[in-house]
C-alpha cells in the first residue's frame, strides 16, 4: 500500500513552548522533571497533528531540546573530555556542550556550532579524537518510541546515519581519518537498532544527507562496507537523503542493503528518472514532493499526475513525503489571522504540508475522485497566485534591467580608499567595534509588541527607542569602543525588520522556525518584486550619530542574507530576487552617506551557506552573489568605509569571492573554531581589513582578557597589524547587559594592551611566542 509519511516535524511548539520551557530551565525556574514532562506533551501534540492529517508513519526522535546532531553525539557517547568531569547529569552535559554553561553554573568552552548544510538551522559540531570511544549513553530515543507506541502511533524512529554523523564532526587536536572511527561506532548503532527492534518497531529512518554532496572515493566506499556490516535486527531501514541530488552517489546508494530510499524531488527533480531506472525491484521509493523548506502550497494536480506515473512503475512501493524534515518551516498556518487573505491562501506550513502529503496518498490509493474537492480548491489557489497583479512591479523590473557593471565598482581600489578613510576616521591601532545588536531586554520587546498592537502611539514609541539608543551609545563611549553602533532596539530580527519595510514582502505573526537551540526566527515571505519606498534606518542612525563625535555605523542586512533567511518566491531565479533587494539597499546606503554616516555595515552572514552543495554549481552562485553585494555597496565615495560581517564561514575555498566583495572591513565569526578560519588567509593575501571574532557571544561565558589577547596575537600570524580589528564574533542581542558590559570591557582592555605592546616595539611585550604577520 502507498504510504504517507514525514521525515520530521518542528520541535518548537505552536506557541514556542520549547523555547519558553528550556529557557526557564536554564534560569533555574523549573526542574528537570518539569522539562521532561513538557517534552512528552510537545511530542504527543506533534504526533496527533500528523496522525489526524492522515500520515501513516509518524517520525519519532525528531524532537530535541537543542539539536539533533548534539543528541546523536550524546547518545553514542561522543562527549568531549572537558564536559565529562563537569556534569553527572546527561541533560546538563548536553546543554553545557551546546552553550558552554549548564544550569548548575559550571562553565567551559562550548562545542563549535555551524550551519546545517545550506539551511538557516545550526547544529552543534561533534568532536572526535584519535582515541575516541563510543558507548550507548542516552535513552531518549527509546523513551520517545515507547511513548508513541503506547499511544497507538505507528512510530518510525529517526536517527542520523553513522557516516553523516562522522562527516559533520570535527577532529580535535591531531588530525586523522574519521572513517577509522567506524569500527568503534557501528556496534553502538547496532545496539540502537536492537533496542528499537525489541520495542516492536517496523521501520527506522536513517538520515544520510551527505549522499547529496561531492564525496571522496573513500567515503563512497565506506557507505558500501558500513551498510553491509550494520545489523538492523530485522528492522526495515528507510535511507533518507535530502537537500539535493544523489548524482554520482546514486549507483552506490542503490546497492546499499536497505529497504527503502527517500529522495528530495523538490530540490532535485532531474534525478527522478535515473533513480527509477536504478532502484532495485524490491525497494521502496519515498518521493519528497512536498517542499519542506518553503511555504508555498503544493500544486496538487501537478504532483498527483507525477506520482501516478511513478505508481504505474512501482505500484505499492511508492511512498509520499515532504522533501526533508519540516523543521525548516513554521508549524501551523491556522495561527495566522492578520495575513492578507489572498496571500495566505498561497501558503502551507508544516501542519498543512503533512495534510498535502496525505491528500496525494489518498488520491493514489482511492483515485482522483476521492480528493476531487481538494484538487479543485487547490487549482483555484495556484491560478490565483500565477495571475495576481501584486507580484509584478514594472518599475522594479525596469530598474533591475538597467543595471550595468559600473554600478558594481567603487571609485578606487582599497589601498587608496584606506588612506582616505584613515585620515577621516582617525582610528587607533587595533580599532574596536561590535557587530551591531545590543541586548534586547524584555522591556524593549514589550515596547515593540505594544507598538505593533496599537497600545502606544508613534510619539511614545519614538521617545522610548531614542532613550534606548542614547543609553547604548553612552555605554559604548564609557567602555572606550572606537566605532559605535546604535544597538538596533527597533529591530526584532535582522531580516524581518527589513521585510516589514520593503514592498513585495509579507510578515507573519507566528511563523516561527528554529535557528539554533532556543533561538527562533520569523522569516519574511518574499512573494513579489522587491522595492523600497522610503528610508528604513536613517532616522535612528542620524539620531545615534548626533549623540557622539565617534563614528556610528549604519547597519543593514545584505541582499544574499535577506534572500537566504526568507521564504523566497519560486517563480523567478533567486539571483533576480537578490538583485531587486540589492537595488533597494543601494538606495538606503546612499541616503545614509548623504546624511553624514561615515561607516556603513552590510551584513552577509549567509554568504557561504547559500553555496550550492555541489561544487560544480558554485561559480554561478558566487558570481551573482558578489555582484549583488557590490551593487548594494558601491554607490558611495572612497571616504565612506563599508563593513560586512559573516558567520560560521570556512573561507578556504571561497576566499577569492570574499575578496571580490571589496568591503573595506570584514568581521568574521571565528572564536569557537579557535581562529582556525584565519588559516584561509595564510596562502591568500587578503587585501582589506579583517576583524576576527575574538570572543563567543553564543555562550554566556565571559572570556578573560588574556584569552582575548591570545586570540588576537594568533590572528596576527595571518593579518598585518594595521589591518586587524578587535570585535566580538556576532551581535549581542541574545546576551544580557551584565555579560555584555563585562565582556566588552575586557575586550577594550585587551585592545589597549595590544596597542601598548605593538605600537612602540618591534616585538610584542605580551608573553606569547606567536609573531605578527608582515604587511
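Every residue gets a Cβ built from N, Cα and C, even glycine.
As recorded in Swiss-Prot, the features of this protein are as follows:
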{"type": "BINDING", "residues": "16, 17, 18, 19, 115, 519, 520, 565, 609", "note": "5-methyltetrahydropteroyltri-L-glutamate binding site"}
{"type": "BINDING", "residues": "435, 436, 437, 488, 603", "note": "L-methionine binding site"}
{"type": "BINDING", "residues": "435, 436, 437, 488, 603", "note": "L-homocysteine binding site"}
{"type": "BINDING", "residues": "645, 647, 669, 730", "note": "Zn(2+) binding site"}
{"type": "ACT_SITE", "residues": "698", "note": "active site, proton donor"}
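Long-range neighbours of residue 603 (L-methionine binding site) (same chain, six or more residues apart, CB within less than 8 Å of its CB): 435, 436, 494, 555, 556, 557, 558, 561, 644, 645. Residue 437 (L-methionine binding site) and residue 669 (Zn(2+) binding site) are 15 Å apart (CA-CA, integer value). The binding-site residues examined here are 18, 435, 520, 647, 730; by Cβ neighbour count within 10 Å, the least packed of them is 520.
Recorded residues residue 488 (L-methionine binding site) and residue 115 (5-methyltetrahydropteroyltri-L-glutamate binding site) have their alpha carbons 24 Å apart, per Cα-Cα distance. Classification of residue 435 (L-methionine binding site) by DSSP places it in coil, neither helical nor stranded.
Spacing of residue 730 (Zn(2+) binding site) relative to residue 16 (5-methyltetrahydropteroyltri-L-glutamate binding site) is 24 Å (Cα to Cα, whole number).
Distance between Cα atoms for residue 18 (5-methyltetrahydropteroyltri-L-glutamate binding site) and the residue listed as 'active site, proton donor': 18 Å, as a whole number.
The recorded positions shown are 16, 520, 609, 698; of these, the one with its CA atom nearest the CA of residue 437 (L-methionine binding site) is 698. Taking the Cβ of residue 115 (5-methyltetrahydropteroyltri-L-glutamate binding site) as centre and 10 Å as the limit, one finds 21 other Cβ atoms among all the protein chains shown. Within 10 Å of the Cβ of residue 645 (Zn(2+) binding site) there are 29 other Cβ atoms, across all protein chains. In this structure, the CA atom of residue 609 (5-methyltetrahydropteroyltri-L-glutamate binding site) is 9 Å away from the CA atom of residue 647 (Zn(2+) binding site). Each of the recorded positions 16, 698 was scored by how many other Cβ atoms lie within 10 Å of its Cβ, and the smallest score goes to 16. Just so you know, the Cβ of residue 609 (5-methyltetrahydropteroyltri-L-glutamate binding site) picks up 23 other Cβ atoms within 10 Å once every protein chain is counted.
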